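> According to Swiss-Prot:
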type	residues	note
BINDING	Gly11, Gly12, Gly13, His14, Ala15, Gly16, Val123, Ser178, Gln367	FAD binding site
BINDING	270-284	NAD(+) binding site
Amino acid sequence: MTDHYDVVVVGGGHAGCEAASAAARAGAKTALVTLRFDTIGVMSCNPAIGGLGKGHLVREIDAMDGLMGRVADAAGIQFRLLNRRKGPAVRGPRTQADRKLYRLAMQEAIRQQNDLDVVEGEVLDFEINEGRITAVLLAGGRRLACGAVVLTTGTFLRGLIHIGEKKIVAGRMNEQASLGLSATMDRAGFKLGRLKTGTPPRLDGKTIDWASLESQAADEDPVPFSLMSDRITTPQIECGITRTTSATHELIRANLGRSAMYSGSIEGVGPRYCPSIEDKIVKFGDRDGHQIFLEPEGLDDDTVYPNGISTSLPQDVQLEILKTIPGLERATMLQPGYAIEYDHVDPRELHQTLETKRIAGLFLAGQINGTTGYEEAAGQGLLAGLNAARRAAGGEQIVLSRTEAYIGVMVDDLTSRGISEPYRMFTSRAEFRLSLRADNADERLTPLAAKLGIASVQRMQRYGDVMQRLDAARELARSVAMTPNEAARQGLEINRDGVRRSGYELLAYPDVDVAWLARVEPKFAAIDAKTAERLETEAKYSVYLDRQKSDVAQIRHEESRLIPETVDFAGVPGLSNELKQKMQARRPRSIADAQRMEGMTPAALAIIVAHVRHYENAQRDVA
């Protein structure tokens with residue numbers, strides 16, 4: 001039996017849901033293929049959305065009318081703004097989510113989307129004619145003819161779970177792996193690699209001694225992810241905090257040989273910034289303890305996720321470890337932690353549209369491209385789904401640049417540098433992070449979404465209202481001006497150069513906010529709190545944007561500079577251990593080569609340029 005679609009999306013995880021929604025919103029008749037409808041939107045690992053760098057991605061997805069922000073707002077049970085004490089450009093909105101509420105909200109969003117069908121079935125193979133994908137073949141003989149396919153396999157591509165010496169072929173616990181598609185990709189000539197991720201044991205919250213633990217509350221004023229969310233209405237909860245002990249560390253060291261990671265059973269590389277507890281003890285064993293956040297998985301679910309003790313140790317060792325951790329001495333383990341290996345495709349096999357170079361019409365998104373994290377997957381899914389719809393319709397595909405979105409930074413990093421370990425988004429990866437803030441994602445991307453036809457009427461009305469208020473506030477701030485003497489009479493001391501400064505320029509000063517300006521011009525008192533905060537943020541950053549452009553231009557000017565082979569990077573202050581190791585091992589020949597290294601950041605590149613200059617000057621002095 002053959003059914004006809006414009007776009008077929010394979011997989012109902014975070015990448016697949018965004019891809020299917022984006023393709024359908026773009027006008028493509030879309031099929032989302034998954035083994036079971038009730039697994040759509042499942043949070044496979046940690047029950048949280050957002051965080052540093054990741055929260056920016058969620059805001060960008062929302063700005064293009066994607067799903068993740070709205071679903072997270074509906075399911076969030078502990079909202080916190082990370083890096084609150086730092087500048088707005090690096091603050092990270094995050095929420096812990098109720099797993100059930102998140103899954104159900106995502107399923108409802110998929111169910112309500114026009115032009116989108118959910119097809120339950122197992123994908124066995126693709127039909128490819130003259131270098132172009134033409135159909136998806138399902139178990140049972142069903143054929144889905146199509147103009148484009150988005151493949152979002154997550155950890156299912158030849159997935160293999162490890163619990164100590166025990167191995168289970170699975171995509172995640174109790175769900176079958178995808179073996180046929182891995183063979184399909186291999187036959188097509190794709191360069192495949194092996195990666196690994198892990199998850200901690202799940203605990204019964206009723207058996208945890210909460211009274212003995214430190215607690216962490218949600219923010220009193222939760223900040224939603226979505227422009228479409230007026231406020232958070234889901235009840236907010238507290239989390240518990242505990243730490244590993246010296247007894248924990250001794251037990252882990254004594255059993256390292258039984259860990260799948262350290263026994264040689266696992267060939268895949270794990271995420272550097274989400275290490276297993278075994279890795280933490282081996283690499284940072286001199287610490288007194290490692291923090292563990294005890295995160296309830298739902299409002300009516302006693303399951304607790306102990307964030308910080310991901311492991312592939314045997315089940316009996318995991319039980320003994322729990323007994324050494326304060327508050328968990330009598331905890332019941334509902335499911336053991338495990339590591340999972342899976343295949344991924346070298347992302348350099350992709351165009352920046354996320355279409356593969358080998359097969360026209362085939363797009364990849366999510367962990368198959370070597371990333372880690374729900375948010376990274378969702379961002380890729382949105383872009384891949386949009387471009388798949390445009391490919392099927394014969395339209396021009398979209399590339400997001402590094403200057404306009406973190407999604408663009410991520411895709412450029414992946415497709416130009418490749419990966420040797422799972423890729424995670426950080427704000428430090430962006431050259432233009434002062435202008436790529438979480439608070440202005442809508443202004444950067446919603447007009448583009450409207451132009452592409454994927455933003456709803458309701459979204460555009462809400463966006464128009466927000467921008468109307470912001471533009472009015474900007475105009476008012478620029479219309480009011482005062483001299484240094486006038487400012488001094490209001491208690492503000494600035495350079496007495498006789499120059500009149502607008503209210504907008506005055507907002508760049510640390511002691512000036514909209515409330516201060518209201519003392520000078522009462523009209524400012526009518527500006528609402530959200531608009532005021534955004535106006536203050538952009539005004540304060542405006543004075544640094546020219547410097548940001550200059551720094552980026554300087555780095556580009558230095559790209560041709562050669563790096564002497566004798567330069568030692570091991571002791572360079574300010575350079576991360578990751579990059580010290582990579583610079584020492586790979587010895588890039590030039591600044592341009594260093595810039596293309598996986599994990600390189602604009603700030604790190606500036607440090608390397610300065611170090612090479614210093615080294616060359618020192619060598620000349622010696623000569």
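Placed from the backbone N, Cα and C atoms, the Cβ positions cover glycine too.
Remember, it's a predicted structure, so these values are computed and weren't measured experimentally.
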> Per DSSP, Gly270 (NAD(+) binding site) is which: helix, strand or coil?
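Where Gly270 (NAD(+) binding site) sits, the three-state DSSP reduction gives coil.
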> What are the non-local neighbours of Gly13 (FAD binding site), defined as same-chain residues 6+ apart in sequence with CB under 8 A from its CB?
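Once residues fewer than 6 apart are set aside, Gly13 (FAD binding site) is near Gly41, Val42, Ser44, Thr152, Gly154, Gly366, Ala377.
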> Given that the record lists Gly11, Gly12, Gly13, His14, Ala15, Gly16, Val123, Ser178, Gln367 as binding FAD, what is the largest C-alpha to C-alpha distance among them, in Å?
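Comparing all Cα pairs, the maximum is 18 Å.
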> Among Gly11, Ala15, Val123, Gln367, these being the binding-site residues, pick the one whose CA is nearest to that of Phe284 (NAD(+) binding site).
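For Phe284 (NAD(+) binding site), the spatially nearest of the binding-site residues is Gln367.
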> Where among the binding-site residues Ser276, Gln367 do you find the Cβ with the fewest other Cβ atoms within 10 Å?
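Across Ser276, Gln367, these binding-site residues, the one with fewest Cβ atoms within 10 Å is Ser276.
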> Based on Cα distances to Cys274 (NAD(+) binding site), point out the closest of the binding-site residues Ala15, Val123, Gln367.
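Nearest candidate: Gln367.
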> Between Ser276 (NAD(+) binding site) and Gln367 (FAD binding site), find the distance joining the two CA atoms and give it rounded to the nearest Å.
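Each residue's Cα considered, Ser276 (NAD(+) binding site) and Gln367 (FAD binding site) end up 18 Å apart.
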> Tell me which of the binding-site residues Ala15, Cys274, Val282 sits in the most Cβ-dense spot, judged by other Cβ atoms within 10 Å.
Ala15
> Note down the number of other Cβ atoms within 10 Å of the Cβ of Gly11 (FAD binding site), including every protein chain shown.
33
> CA-CA, which of the binding-site residues Gly11, Val123, Gln367 lies nearest Gly270 (NAD(+) binding site)?
Gln367
> Which residues does Glu278 (NAD(+) binding site) neighbour through Cβ under 8 Å, counting only same-chain ones at least six apart?
Ile252, Leu256, Ser259, Met261, Tyr262, Thr311, Ser312, Leu313
> List, in sequence order, the same-chain residues at least six positions removed whose CB sits under 8 Å from that of Lys280 (NAD(+) binding site)?
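Correct list: His290.
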